[in-house]
Amino acid sequence: MKVLAALALSALAMAKPTPPMPGMSLVQTGPQETRWVTAKEKHDMVMNHIGFFDITNRPESASIASKPKSYAFPGNVSHQAEVKPLLEKISADHIKSNLEMFSSYPNRYYDAQSGVESAQWVMEQAQAVVGNIQGAKVEMVKHDWMQPSIRAIIPGKSEKIVAVGAHQDSINGKNPQGEAPGADDNGSGSMTILEALTALVSDQKIAGGEAANTLEFHWYAGEEEGLLGSQDIFQQYSQEGKEVVAMLNQDMTGYGETMGVITDNSDPNLTKFTKMILDTYTSAKYSDSECGYACSDHASANKAGFPSAFVYEAVVGQDNPAIHSPDDTIEKLDPAKMAEHAKLVVGFAYELAFATL
């Protein structure tokens with residue numbers, strides 16, 4: 001009977017709460033801060049760059065804040081001979097060409113047909129990149145809304161996961177289903193990691209499954225509406241006992257001069273490692289910066305107990321002012337800057353793919 005009672009209490013705790021009014025969302029804006037908001041209030045938060053988790057479908061996650069496991073990340077790079085030839089394959093022109101297509105959709109809103117179509121396009125590109133690699137796969141991750149997340153998996157010798165992620169959705173802050181090319185936010189990050197994946201799988205050891213760890217590349221749905229897709233993925237990984245040893249987030253990579261290395265809601269040891277990768281494999285200048293609670297998808301990994309890092313296009317406050325509007329277009333972006341971010345991703349992924357963690 002005690003077991004049945006415990007199960008009943010557990011089911012009650014997991015039940016979806018009833019909003020005060022239809023259409024409201026439960027958002028978390030701090031470790032102990034949750035509140036119900038209307039659709040307008042939620043989109044005002046987006047326009048005002050207030051980070052939040054939408055936990056309407058995962059209310060139990062409000063009390064989840066697992067401390068990320070500590071790993072001894074490498075203190076030195078070990079694979080320059082293998083990585084540097086891959087960096088030469090990074091093409092700013094190719095990133096630009098892909099981004100022109102990706103930002104041509106009217107919007108990539110998470111609950112619109114155009115958001116579904118843009119996700120399908122990403123999946124097709126990723127499949128073309130990894131389709132001939134034995135054991136590799138690209139799959140859709142379905143959610144409770146229209147747009148799926150996309151996941152590419154390149155198996156290694158272990159099931160430990162090194163993940164790279166970027167959100168694929170876009171939003172018009174004044175009219176969520178209005179025009180939102182989202183070239184920088186976050187077409188730039190999405191195409192940056194696609195370019196990095198293309199370079200990485202040209203390496204015979206990566207393609208041959210000889211890496212110590214498994215590589216995953218994620219394109220998340222619904223980031224703009226409260227980190228929805230990344231929450232689903234990392235909470236599921238946590239529940240399934242999967243071991244994500246590192247996650248690198250790429251959200252906006254095309255604007256500004258000095259990259260921002262985000263130091264809040266991220267893992268300090270992984271961030272230190274990431275700076276070493278920047279110094280070794282890119283020509284980028286960077287400075288420390290903070291982006292606040294739940295500002296992007298690395299926060300979902302961090303909350304689920306996985307070490308994460310985030311390198312942003314600029315120090316917060318010096319980033320692209322045109323995001324969340326019809327003016328977030330490719331003409332304002334620097335493809336060479338995106339290529340430097342892609343080099344970061346290649347170095348990060350390769351070094352950790354072969355690291356003993």
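Just so it is clear, glycine is given a Cβ too, placed from its N, Cα and C backbone atoms.
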Same-site Zn(2+) 1 binder from D111, D144, D232, D251, given that Swiss-Prot records H167, D185: D251
Swiss-Prot annotation, Zn(2+) 2 site containing D185, H324 - matching residue among E139, E224, E225: E224
Cα-Cα distance linking D251 (Zn(2+) 1 binding site) and N269 (N-linked glycosylation site), given in Å to the nearest integer: 20
Nearest of the binding-site residues (E224, D251, H324) to N76 (N-linked glycosylation site) - Cα to Cα: D251
Cβ-Cβ neighbours of H324 (Zn(2+) 2 binding site) (radius 10 Å): 22
Integer Cα-Cα distance in angstrom, N186 (N-linked glycosylation site) to D251 (Zn(2+) 1 binding site): 6
